[in-house]
Amino acid sequence: MRFYIAFFFLLLAADMALSFEIGNSEELERLSMVYGEVESERGCTHGSCENGETCCDGWRCRYTGRAVPFMCVP
């Protein structure tokens, strides 16, 4: 019985972690849309910087280890 309870909480934790990750992806997408107009005018980015793009507003290019490996972060 203890095994089933532990397994349930393990599944719950995994579900919460995936929900958090999806939420962050949606937030990054929203921010990239907001900053998109500013970026095109200034020639810098708040998004992906894996091809040598310059980050805006003092943000730095960092390795994220996700689908887009290098992103500009505050």
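Cβ coordinates are placed from backbone N, Cα and C, and glycine is handled just like the others.
Positions annotated as signal peptide by Swiss-Prot: 1-19.
Cβ neighbour count for Cys56 (disulfide bond) (all protein chains, 10 Å cutoff from its Cβ): 16. Here Swiss-Prot flags Cys44-Cys56 (among others) as disulfide bond, drawing on a curator's inference.
Feature annotation from Swiss-Prot assigns disulfide bond to Cys49-Cys61 (among others). Just so you know, the Cβ of Cys61 (disulfide bond) picks up 17 other Cβ atoms within 10 Å once every protein chain is counted.
Within 10 Å of the C-beta atom of Cys72 (disulfide bond) sit 23 other C-beta atoms, taking all shown protein chains into account. The disulfide bond annotation in Swiss-Prot covers Cys55-Cys72 (among others).
Note: the CA-CA distance between Cys49 (disulfide bond) and Cys55 (disulfide bond) rounds to 7 Å. Taking the Cβ of Cys49 (disulfide bond) as centre and 10 Å as the limit, one finds 21 other Cβ atoms among all the protein chains shown. Within 10 Å of its Cβ, the residue among the disulfide-bonded residues Cys44, Cys55 with the fewest other Cβ atoms is Cys44.
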